[in-house]
Amino acid sequence: MKGGRGIENPAFVASSPDTPRRPTASPSSVEASVLAANTQRADSQPPENQELQKSPEPPLPSATGPGSPERPGPESGSEFEEGPCGWGTFQPACLQRCNTPQGFLLHYCLLALTQGIVVNGLVNISISTIEKRYEMKSSLTGLISSSYDISFCLLSLFVSFIGERGHKPRWLAFASFMIGLGALVFSLPKFFSGKYELGSLLEDTCLTRNRTGCTSSSSSLSSYLYVFILGQLLLGTGGTPLYTLGTAFIDDSVPTHKSSLYIGIGYAMSILGPAIGYVLGGQLLTLYIDVGMGQRIDITEDDPRWLGAWWIGFLVSWLFAWSLILPFSCFPKHLPGTAKIHEGKTCQTHQSKSSLQQTDQNFGKSFKDFPAALKNLMRNTVFMCLVVSTSSEALITTGFATFLPKFIENQFGLSSSFAATLGGAVLIPGAALGQILGGVLVSKFKMTCKNIMKFALLSSVCALVLSFVFLYASCENEPFAGVSESYNGTGALGNLTAPCNADCNCMRSYYYPLCGGDGVQYFSPCFAGCKSSVSKRQPKVYYNCSCIARKIEISPTAASSRFEARAGKCETRCTNLPIFLGIFFTAIIFTFMSGTPITVAILRCVNQRQRSLALGIQFMLLRLLGTIPGPIIFGVTIDSTCILWDINECGIKGACWIYDNIKMARMLVTISVICKVITICFNGLAVFLYKPPPEGADVTFQSQNSVVTTVSVECDLNKSRNG
């Protein structure tokens, strides 16, 4: 501390709630207010504190341009631009009902819901359709999915640093615009690529035919990859202020004990968004891709050539996101009552030698201060421990969100669609319930920063114990011809081709599982040697299969109740599915129960002026260390358990068809335990290292009528008083 100079918080630009501008405070009035505040804080003061009062207060700069902050007079008692809801002089009374934390939370939830619907719902469910329509490899569509996180990582630090000093609701209006624009751009390839042309239907039965040669072709349709990437980059640009500045604004506008509840509700809506996106996208995929163009088609969804109308959901989301631009733009810079709320808040900033000691009242207003602010946060050990713990959790959650349906499908012999439905039914409600429950408990018991971290630690320990459920759910693979079972004693294991199907010239890249009457599963009707089928029955049935042992010849008629094989996987003998889903649902609740508390703890343990930047760092590292490598690590791990690969006519390895179930379960448990242990260790380290302000020091974010001081400096003043 140098002299007795008041240190302004540049995060807030002062203005009266009722009038656009007020006269600036004179030096004498500011000094008097500081003296009054200090007199009320303590009856006796140390000599160094008396010197602070006697030191002359430097004159505060007057207002300059519209971008320069102005100080209110002492009569205003506020450093916040509280004001009515509206645009300029147009401030209708009906809008003032929304000028509350609840009104802002409603619009925040709608935007978070829209972002979740598009980014984690519609994009994911449309990827396979986009692959087929625009003839892209999976590696290219993986780049599309990663583009959102890349954009978020590149912009999160700069947006959070610049936006902390700006008008946060207007930043969210900008977020609404970018999310809507990204959704619109993502749908554009549909309108420029022309009509979808149906190819010839591939026969799935055994026919004596010549083997097709290796052919490779390139299509101009794949150039639309760059349009999809641009759409994802725009969506990432819109998501950045939503989860950094929006969260900080909510924390600004409500009392400390309610902050966790509001943030938990907002985060829960962002989790429900993907569920709605999957349901909406799934229904739209039942419509033909060129619906509304007057084209008659004679195929159904069961035809492998069918492509659904993936693009409609993006247009709906575009319109809905842009409808939120006006509501966000009408909110004031700070909601009414923000100053009073801040007067009642106490400092919980982590006390360390690296705490921000910057006394320059202009610190943070220039982008030149960005490196110093970033360095200060990176040296906050408690903050960094919490960031690493959330990144470890994000790695697990994104990995399971991507591959849980695949695990359920292979372990319990279910169809891909039903496994995806079950996975979503467990993940989405469990995650949303965990976020809300964590926020409610922290709010209910009015936990301090240290108790919040202890609560998150306990939740992580419970989730670690429950993660061993994958060992209980592991089931042995069902008999599979050519993989774990021979073709009636002929052929070799590991080779799908046997004497009974050698003349069929089957394609290994066409996986259409078939369950034989002998209880053995076959790769496709062709590899089972089936020569005829009846498609009027559901599921489709096959006859005259040379690879399936039969006693009598069966005639292929729709009325016949006997058949040699039916479409689909054989029923599994594993009966642990209900118990597995119940325990895993509980594990998801405990995993996400720590999400909201950790975010609140981050907001509490860092300097008041750096909360938005702290969230920016958190989300950047969360993506770099968690959501980006998570699916990659899970994918590589699961691929290591593959026992049957797709190999096309050119000898190029594609997707995995069959996995070793036992090995897969063990590998997933290993990843879960490692990440959970990392989470617990860093959560525990944060609890151990955290040093709150001295007890009994009533440290507030704002003195009564004085200029707002930097939190860590205020905490140091009170520490010296109690020393």
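Any Cβ shown, glycine's included, is placed from N, Cα and C.
TrEMBL lists 65-77 with the feature compositional bias 'Low complexity'. The domain 'Major facilitator superfamily (MFS) profile' feature in TrEMBL is assigned to 104-678. Annotation comment: TrEMBL describes 1-82 as region 'Disordered'. The annotation transmembrane segment is assigned in TrEMBL to 105-127, 139-159, 171-192, 225-249, 261-289, 309-331, 382-404, 416-443, 455-473, 579-603, 667-690.
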Stretch in 105-127, 171-192, 382-404, 579-603 most in contact with the transmembrane segment (261-289), if contact is a CB pair under 8 A: 105-127
Beyond the flanks of the transmembrane segment (139-159) by at least 6 residues, Cβ under 8 Å: 119, 123-124, 127, 130-131, 171, 222, 225, 228-229, 232-237, 239-241, 244-245, 370, 374, 613, 616-617, 619-620, 623-624, 627-628
Leading stretch by Cβ pairs under 8 Å, where the reference is the transmembrane segment (667-690) and the options are 309-331, 382-404, 416-443, 455-473, 579-603: 382-404
Among the ranges 171-192, 382-404, 579-603, the one whose Cβ pairs under 8 Å to the transmembrane segment (455-473) are most numerous: 579-603
Long-range neighbours of the transmembrane segment (416-443), counting only residues six or more past its ends (CB under 8 A): 257-265, 267-268, 271-272, 274-275, 278, 397, 400-401, 404-406, 408-409, 452, 455-456, 459, 581, 584-586, 588-597, 600
